[in-house]
Amino acid sequence: LTPIASRADFNALIAGPKPVVVDFMASWCGKCRQIAPEVDKLIDQYPDVVFAKFDTAHADLAPLSKELGIEAMPTFKFYKDGKEVNEVIGYKPKLLRDAV
């Protein structure tokens, strides 16, 4: 997982040539830890997709998290050509697999 540490990181990542899946999570989130092995499997299965981790508890990322409408975790947002194309909210491994 590529860590996102700033707004600039986020913008550069989603503007890149590959599709991107951003895992909006927090270290205290039990369901985030629970779904992590599923995300690891997807990373192995889809080498042409960039998977990134966005820690919503990180103080520098909190304003961007709010702008993006993150209200529950885990939330997975899917980006292509800089635009959001899909979203999966909550611990839903099958829905997440189907969305990738």
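Heads up, the Cβ atoms here are built off N, Cα and C, so glycines get one too.
Straight from TrEMBL, the features:
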DOMAIN    1-100  domain 'Thioredoxin'
SITE      ASP23  site 'Deprotonates C-terminal active site Cys'
ACT_SITE  CYS29  active site, nucleophile
DISULFID  CYS29-CYS32  disulfide bond
SITE      GLY30  site 'Contributes to redox potential value'
SITE      LYS31  site 'Contributes to redox potential value'
ACT_SITE  CYS32  active site, nucleophile
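Structural mapping of features recorded in TrEMBL.
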residue	record	contacts (Cβ under 8 Å, 6+ apart)
ASP23	site 'Deprotonates C-terminal active site Cys'	LEU1, CYS32, VAL39, PHE51, ALA52, LYS53, PHE54, PRO74, PHE76
CYS29	active site, nucleophile	MET73, PRO74
GLY30	site 'Contributes to redox potential value'	none
LYS31	site 'Contributes to redox potential value'	MET73, PRO74, GLY90, TYR91
CB contacts for CYS32 (disulfide bond) [other CB atoms within 10 A, all chains]: 21
Helix, strand and coil totals (DSSP H, G, I; E, B; other) for the domain 'Thioredoxin' (1-100): 40 helix, 28 strand, 32 coil
